[in-house]
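Heads up, the thing below is written out as structure tokens.
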Amino acid sequence: MAPSNTNPVAVADEVLQKSRVTVVGSGNWGSVAAKLIASNTLNINSFHDEVRMWVFEDTLPSGEKLSEVINRTNENVKYLPGIKLPKNVVADPDIEHAVKDANMLVFVTPHQFMEGICKRLIGKIRKDAVAISLIKGMEVKKEGPCMISTLISEILGISCCVLMGANIANEIAVEKFSEATVGYRENKEIAEKWVRLFNTPYFMVSAVQDVEGVELCGTLKNVVALAAGFVDGLDMGNNTKAAIMRIGLREMKALSKLLFPSVKDNTFFESCGVADLITTCLGGRNRRCADAFARNGGKRSFDELEAEMLQGQKLQGVSTAKEVYEVLSHRGWLELFPLFSTVHEICSGRLAPSAIVEYTEHSARLPLL
């Protein structure tokens, strides 16, 4: 038998250089993201097979811990029932343990929890770690809006890309064809690594150099989806819904470019832009809950509808609408964005759902960009 020419030092170096991935979040979309990623880490040599998934621990009606059930059955029975996760997905309820060896962090939690999560991770992650955010939302601070990718970068001191797109999680879970967009700043090599990690024959991923544009598309479309849901709940028809979607896209683009002049027009024609807006206004959770809100004449709160309809998932659009309203109010832009303003006023009970098509009486004094 011929002697092996394998250099043990070279093998050790290769193992050390392999990227380790942790998904921070285990809801509906987080579980689907882990499924996508884990199917690729098994087949791409530059990644370790194992994908850790941080689980916010929960006790199921059976008395079992959610993380233990996921690891025993390879299924997130609470947030993604009926879908088997690859065996190399390991649920971990200890966030510090979940991230400690990873140099690629995938954040996918409700946006309102991110600041607290990042602060818990200070000093707990690898110095060479990079991140990607799948989170749709923003933090509003006194100095202005802070995108979630910026929050991650500033608190943890690491590079952060974003991934957004026309991505209803349950459809991707059963491997129906879909697209997504990675937004990056300067480092195209890191962006391409994220593309390789997520891209599959049924989930086509491309990259654009426009973090803020990609992220704002993913954030603001949830506000437009609420408007589309109000229209559906009031049985106003497809023409009205199409008009609301068009006006919403115009306001998305205008606000994005006012906040970040570097945002590129072409980004709105990527999956993260018009495609995500369309799918969210047709089938997303924000549209569904807004439809129910309007059918009940605004008499049932969104908190109540969320608890009843979403099985523990969080509704992002209502909090985003409030955050957007705060930005517009602070900067004196309310009259420039009548659709965004009206959505928040309906959600907060100041206006009836029917006001969604009456806002033109208070239309913008200045043309949108």
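Cβ atoms here come from the backbone N, Cα and C positions, even for glycine.
According to TrEMBL, the feature domain 'Glycerol-3-phosphate dehydrogenase NAD-dependent N-terminal' maps to 21-188. As annotated by TrEMBL, NAD(+) binding site applies to Gly25, Ser26, Gly27, Asn28, Trp29, Gly30, Phe56, Phe113, Ala169, Arg285, Lys314, Gln316. According to TrEMBL, the substrate binding site annotation covers Lys136, Arg285, Asn286. The annotation domain 'Glycerol-3-phosphate dehydrogenase NAD-dependent C-terminal' is assigned in TrEMBL to 210-358. The active site, proton acceptor annotation in TrEMBL covers Lys221.
The structure, with features from TrEMBL marked on it.
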{"residue": "Gly25", "record": "NAD(+) binding site", "Cβ within 10 Å": "25"}
{"residue": "Gly27", "record": "NAD(+) binding site", "Cβ within 10 Å": "22"}
{"residue": "Trp29", "record": "NAD(+) binding site", "Cβ within 10 Å": "23"}
{"residue": "Phe56", "record": "NAD(+) binding site", "Cβ within 10 Å": "16"}
{"residue": "Lys136", "record": "substrate binding site", "Cβ within 10 Å": "28"}
{"residue": "Ala169", "record": "NAD(+) binding site", "Cβ within 10 Å": "22"}
{"residue": "Lys221", "record": "active site, proton acceptor", "Cβ within 10 Å": "31"}
{"residue": "Arg285", "record": "substrate binding site", "Cβ within 10 Å": "22"}
{"residue": "Asn286", "record": "substrate binding site", "Cβ within 10 Å": "26"}
{"residue": "Lys314", "record": "NAD(+) binding site", "Cβ within 10 Å": "17"}
To the nearest whole angstrom, state the Cα distance for the pair Ala169 (NAD(+) binding site) and Lys136 (substrate binding site).
14
May I have the list of same-chain residues other than Lys136, Arg285, Asn286 whose Cβ is within 8 Å of the Cβ centroid of the recorded substrate site, in sequence order?
Asn222, Ala225, Thr280, Gly284, Leu315, Gln316, Gly317
What does the structure give for the C-alpha distance between Lys136 (substrate binding site) and Phe56 (NAD(+) binding site)? Integer Å is fine.
19
Could you tell me the mean pLDDT over the domain 'Glycerol-3-phosphate dehydrogenase NAD-dependent C-terminal' (210-358), as a whole number?
94
The residue listed as 'active site, proton acceptor' sits from Phe56 (NAD(+) binding site) (Cα to Cα, rounded, in Å) at a distance of 27
How many of the residues that make up the domain 'Glycerol-3-phosphate dehydrogenase NAD-dependent C-terminal' (210-358) does DSSP mark as helix, as strand and as coil?
116 helix, 0 strand, 33 coil
Nearest to Gly27 (NAD(+) binding site) by Cα distance: which of the recorded positions Lys221, Arg285, Asn286 is it?
Arg285
Taking every pair from Lys136, Arg285, Asn286, which the record gives as binding substrate, the longest CA to CA distance in angstrom is 13
Among residues Gly25, Ser26, Gly27, Asn28, Trp29, Gly30, Phe56, Phe113, Ala169, Arg285, Lys314, Gln316 annotated as binding NAD(+), what is the maximum Cα-Cα distance? Answer in Å.
21
Integer Cα-Cα distance in angstrom, Arg285 (substrate binding site) to Gly25 (NAD(+) binding site)
18
Distance, Lys221 (active site, proton acceptor) to Lys314 (NAD(+) binding site) (CA atoms, angstrom):
16
Cα of Asn286 (substrate binding site) to Cα of Lys221 (active site, proton acceptor): how many Å, rounded?
10
Compute the C-alpha separation of Lys221 (active site, proton acceptor) from Trp29 (NAD(+) binding site), stating it in Å without decimals.
17
